[in-house]
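These come from Swiss-Prot:
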type	residues	note
SIGNAL	1-18	signal peptide
CARBOHYD	Asn90	N-linked glycosylation site
CARBOHYD	Asn177	N-linked glycosylation site
DISULFID	Cys327-Cys356	disulfide bond
ACT_SITE	Glu370	active site, proton donor
CARBOHYD	Asn433	N-linked glycosylation site
BINDING	Thr501	Ca(2+) binding site
Amino acid sequence: MHLPSLSLAWALAGSSLALPQAEQPVLQDDRASSRAAAVKEAFSHAWDGYKKYAFPHDELHPISNGYGNSRNGWGASAVDALSTAIVMRNATIVHEILDHIATIDYSKTSDTVSLFETTIRYLGGMLSGYDLLKGPAADLVKDTSKVDILLKQSKNLGDILKFAFDTPSGVPYNNINITSHGHDGAKTNGLAVTGTLVLEWTRLSDLTGDPEYAQLSQKAESYLLHPQPSSAEPFPGLIGSNIDIKTGQFTDGHVSWNGGDDSYYEYLIKMYVYDPTRFALYRDRWVAAAESSIEHLASHPASRPDLTFLATYDGGRYGLSSQHLACFDGGNFLLGGTVLDRRDLIDFGLALVDACHETYSQTLTGIGPESFGWDANSVPADQKELYERAGFYVQNGAYILRPEVIESFYYAWRVTGRSEYRDWVWTAFVAINKTCRTGSGYAGLTNVNAENGGGRYDNQESFLFAEVLKYAYLTHSEELMAAEDAWQVQRGDGNQFVFNTEAHPIRVHHS
């Protein structure tokens, strides 16, 4: 999950049925190898450009060959790239990143720090690197002291950030000043921002033996698991979007799986995967939310009733619009469905995946838009043909290298074994590589439904490394060794790792 704002501070450059027990189709051949190699090449291309023009800053500006520091100036792209470099077994890049992480002083930044973004990118990236390099990828780094620094730096970062939870309720401030221990004076915090800390902070406690980090994040989460007042939960498991920092009470009952709400639901089932013993309540709340979503939020465009999207709900009114960010939902249903052995949830997840696939396959670039709608009464005049054909119209045509659609394709491939989903990942990757690639990296697009994507955004988000290229690679990697399979999503309840919302694999507690 990433917050949906597109108030970008960058320059514009230029204008089915599930088959849970199916055999994995054989793509262990030259085609699979060449696809995996192509994704690795894209990763190396983006890394080389970042290293040459932007390192150790946060992100590359891939058109002007400049750099940005939107994530505190600690080298977000490097930390976000670590777990992908590990699963690609690129020892050279892994060592470059480890050497950089050892030098970061997390106590120093002139920026306002986002507790949420810093947790999912930096803390998640380092904890994942530690879990992978202490486990199935231990052979990549012989000097274990370099790996140990990852946990030391994770603890340092947790200690620097934890004052954010020092509020009357324990619901944290998100936008904080780590030098003054101040904050932005916000009265509320968002559902996803509050509810997408618990995996990383619990893992930090489990690895260090210090329970404080888990206690802080789980105290904040407790208000989400037991929402008050009752109007905050219009349907079982589906809850409002904003929480009063002083009281822990919800201030609304607006329900969605869109950005700002999304990864709260994502982490409910993932916490159960992480540790079924401690987090059974999280599972129950996720099941309630999933079942309520099927009953109350499932929506079918009038022009394409075969498609299924999730609507929003607020005070008796439904909103028929969604986002690229929300397209993680199919993968989340698939994960929950396979872990809980619920065929109905798997089938619904596949329906969501199919609909989000349409948002890619029906545009001129083959890439999906930032946001889209399917309200038959609100179709723009110049998009009526698109709506009739595809079942949606574009509300915001930007693409900023988001991963969620490819992410759900990956889950569909892992859960069903059906090769069409693998092919969908490849087709999406080819479209991104064709349309977004620059001489030094990858740029965002202003309009996915315009020739060549319209204009370009001069920014390469760190989640290109962490998510897009990781999911594309894992879908096509040949799992020749049991160790290499360990970090993959598994059918059933045999997962050894669970991905945080930035696609960093975190080792589950009981393995």
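In case you wondered, yes, glycine gets a Cβ from its N, Cα and C as well.
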Open item on the list: Which one is it, among the recorded positions Cys327, Cys356, Glu370, Asn433, that lies nearest to Asn177 (N-linked glycosylation site) by Cα separation?
Closed with: Glu370
TODO: Please report the DSSP secondary structure of Asn177 (N-linked glycosylation site), reduced to three states.
DONE: strand
Open item on the list: With every protein chain in view, what's the tally of Cβ atoms within 10 Å of the Cβ of Asn90 (N-linked glycosylation site), excluding that atom itself?
Closed with: 19
Task: Those residues of the chain, 6+ apart, with a Cβ under 8 Å from that of Asn433 (N-linked glycosylation site) - done: Ala38, Ala42
Open item on the list: Among the recorded positions Asn177, Thr501, which residue has the fewest other Cβ atoms within 10 Å of its own Cβ?
Closed with: Asn177
- [ ] Determine, to the nearest whole angstrom, how far the Cα atom of the residue listed as 'active site, proton donor' is from the Cα atom of Cys356 (disulfide bond).
- [x] 12
Open item on the list: Whole-number answer please: how many Å between the C-alpha atoms of Cys356 (disulfide bond) and Asn90 (N-linked glycosylation site)?
Closed with: 32
Open item on the list: Counting across all protein chains present, how many other Cβ atoms fall within 10 Å of the Cβ of Cys356 (disulfide bond)?
Closed with: 31
- [ ] Report, as a single number, how many Cβ atoms besides its own are within 10 Å of the Cβ of Cys327 (disulfide bond).
- [x] 30
Open item on the list: What does the structure give for the C-alpha distance between the residue listed as 'Ca(2+) binding site' and Cys327 (disulfide bond)? Integer Å is fine.
Closed with: 13
Open item on the list: Just to be sure I understand the packing, how many Cβ atoms besides its own are within 10 Å of the Cβ of Glu370 (active site, proton donor)?
Closed with: 22
Task: Pairwise CA distance, Cys327 (disulfide bond) versus Asn90 (N-linked glycosylation site), rounded so that it is a whole Å - done: 30
